[in-house]
Each structure stands twice: as C-alpha cells, then as structure tokens.
C-alpha cells in the first residue's frame with residue numbers, strides 16, 4: 001500500500017463508516033475495482049480507530065454525561081438510578097453479542113466472509129430489511145405515534161439492537177445499517193436510532209482496533225512507510241467520519257433512509273453483474 005492508496009482508503013472508511021452502506025464493503029470493493037491488494041480485516045479494524053475518535057469528539061458531552069452518571073450511581077449503590085447510567089449499562093449489554101460472535105467466528109470474518117459474493121448478498125439483503133423497517137416507521141408516523149427517545153430505550157431494545165450489531169461482522173451488512181434498522185423496528189425514531197447506533201459502536205470498535213493493532217504491531221512497525229500509511233489513513237478516516245456523523249444526524253431529521261436503500265441495491269446488483277461477467281474477481 002502506498003500513501004495515495006492510504007489516503008483514499010481513509011476517506012472511504014470515514015465517509016462510509018456511519019452511513020448505512022457498509023464501510024467494510026467499500027474497503028473491499030474500492031481496492032478490487034482499482035486493482036489494489038485487499039487491505040484486509042486488520043487494516044479496517046485499525047483505521048476504525050479514526051472513526052472511533054470522531055464519535056468520541058462529536059458525542060463528547062453525551063459520553064461524559066453517561067460515564068459520569070454510571071460512576072456516580074455506582075458509588076451511591078444505585079447503578080440504574082438515572083437515565084444516563086441506564087443508557088451506559090445498555091450500551092455495555094448491547095456490546096456482548098458482537099464480542100461473542102466476533103471471537104467465535106474470527107477466522108471466517110477475516111477470510112471467507114470477505115468474499116465479494118458475501119458482500120453483495122449482504123448489501124442487497126439489508127437493503128430489503130431496511131426498506132421493511134422504513135415502512136414500519138412510516139406506518140407508525142401515520143398513526144400519530146412518536147418514536148422513542150434514547151431515555152425510553154428498554155433492555156429488550158438494547159439487546160435486540162446489540163444482536164443486530166453482531167450481524168455487521170459480515171462485510172456488506174454495515175454496523176450503522178443493521179443497528180439503525182433494528183432501532184426502527186423497535187420504534188426508535190430515525191435520528192435516535194442513528195445516535196444510539198454510534199454510541200453502541202464505541203466499545204466494540206475500540207476493542208477490535210486495539211486488538212488488531214496489538215496483533216499486527218510487528219508488521220506495522222516493520223517499516224516507516226507502513227506506520228505513515230496507517231497513521232495517514234486513520235487521520236483521514238477521523239476527518240471524514242466526523243463530517244459523516246454530522247451529515248447523517250441532520251439528514252435523518254427530515255428524510256428517510258430511502259436513498260441508502262437504493263444505493264445498496266444498486267451496488268449489490270452491480271457487484272453480482274461484474275463478478276458474473278468476469279470484470280471483478282470475488
């Protein structure tokens with residue numbers, strides 16, 4: 001990987017991590033179309049530290065409030081006394097499924113599931129499920145029922161969204177896509193679904209990034225070029241990730257996810273055609 005490729009992949013990671021179109025799919029597709037080597041699951045996990053930093057900074061006030069409430073309520077012997085501490089514990093509970101599945105299927109995630117067959121299937125499948133979730137949300141709105149706020153999320157909601165997040169281990173699914181979809185089915189409004197999705201991503205993205213950084217440290221530090229490329233990709237992922245968060249939260253206040261559904265279908269079908277005609281190797 002050269003510096004130009006690192007910059008492009010960092011931008012791709014930042015732009016697509018928080019939109020429901022799958023960053024892992026695009027980090028697999030873009031190199032394939034450009035004739036570059038697959039950067040691999042480890043690169044994806046490490047560069048996600050950049051988008052993790054974007055979430056931390058964008059939601060700094062929320063995170064400080066949640067962490068402060070968890071610590072304060074624990075010291076009082078009432079761990080679930082406030083809405084903020086409940087949210088913190090729900091994020092922790094919702095993280096358990098992706099940790100379990102991530103460890104159980106680690107080898108498949110890094111090899112078999114990176115096939116463009118899986119990527120295209122996941123892009124199309126989630127587009128269809130998200131379209132059903134959107135119809136459910138539209139029906140609720142027509143009935144005059146408002147969506148849940150974060151403080152109204154139940155333990156069942158958190159666990160269902162957490163299990164959905166585990167599906168994002170399949171490239172093409174999209175972490176934000178599956179969690180926003182689950183949130184819509186659980187009657188969260190679109191913006192709240194996205195906001196909870198981003199907060200829920202913090203523990204697992206941090207853990208995966210640190211693990212892959214530790215695991216590949218010798219390779220990364222084997223040359224100055226490797227270190228520079230990873231660092232540059234991570235910085236660009238942070239910048240464009242921050243912009244992506246701001247865009248999506250603003251967009252979902254007034255619009256549905258329809259544009260992303262259409263994009264996923266178009267991309268998934270295009271991939272199948274390109275693979276079938278021999279223009280792209282799976």
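Glycine is treated like the rest: Cβ placed from N, Cα and C.
Remember, it's a predicted structure, so these values are computed and weren't measured experimentally.
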Statement: Among 89-109, 173-193, Swiss-Prot lists transmembrane segment at 89-109
Message: Within this structure, do the transmembrane segment (89-109) and the transmembrane segment (150-170) have 3 or more Cβ pairs under 8 angstroms, counting pairs 6 or more apart in sequence?
response: yes
Statement: Between the transmembrane segment (113-133) and the stretches 40-60, 196-216, 230-250, 258-278, the largest tally of CB pairs under 8 Å belongs to 258-278
- line: Beyond a gap of at least 6 residues from its ends, the CB atoms lying under 8 Å from the transmembrane segment (196-216) belong to 18, 41-42, 45-46, 48-49, 51-52, 55-56, 58-59, 62-63, 66, 87, 91-92, 94-95, 98-99, 102, 150, 153, 161-162, 165, 175-176, 179-180, 183, 188, 245
